[in-house]
Amino acid sequence: MGHRVISHFPNVAYNVVAIAASRGGLKAISQILSTLPPDFPAAILLVQHLSPKHPSQMAEILSHRTALHVKEAEEGELLRPGTVYIAVPNKHLLVNPDGTLSLSDGPKINFVRPAGDKLLASAAATFKSRAIGVVLTGGDGDGVLGVLAIKKFGGTVIVQDEASSESFSMPKSAISTGKVDFVLPLDAIAQCLVSLAMTQEVVSQELPPKWSNSSGGLTSAR
């Protein structure tokens, strides 16, 4: 399946990582970002379910835990490699076909706004096979439709495993689709992202060889 190439992104296999999380998500996201190298080439988009009644402190908190640039997403801004964009409370975060961001007041999905489903689906539609979707710990079913969209357009899906999840409902729902590529412990997700995103573009767009517990603690669900 063909994919869209946003011209200012490097010619590597993946250009965007879209992450959905809920209960326990801040800890999980912090651990992943703290392990990624400063030259990580993909843009990272985060949806964490937060109270709409209070300003989010996530950007400030995460900026102290990663070498990557962290900021709240803004309407109309262009995605940049190596930057972490955080959804603001009570707004869906969407990726437009031209690689810019939109903040939407659209209806709640699974009773939440922002919703991981909206983020993952829009990232998939724009970046096609260059998109990675990640579903982390959380207590609802958000992410299922996003996982299906990522796979429809040829991308890759990573899900946090039960043992390392504070709440396994979101990961379990994603796994139930049968479309998940990797089910990983939290401490292996960053390594997987680096292995996927920091490789040169290849024509076949193949995933790395299957990993197993005997070769670094990673388990492929394929």
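Residue 1 is the first one shown; counting continues down the chain.
Cβ coordinates are placed from backbone N, Cα and C, and glycine is handled just like the others.
Predicted, not measured: the structure shown is a model, and the values here were computed from it.
Listed in TrEMBL:
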| type | residues | note |
| --- | --- | --- |
| DOMAIN | 10-200 | domain 'CheB-type methylesterase' |
| ACT_SITE | SER22 | active site |
| ACT_SITE | HIS49 | active site |
| ACT_SITE | ASP142 | active site |
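Here the active-site residues are HIS49, ASP142, and the one whose Cβ sees the fewest other Cβ atoms within 10 Å is HIS49. Taken together, the residues of the domain 'CheB-type methylesterase' (10-200) have an average pLDDT of 93.
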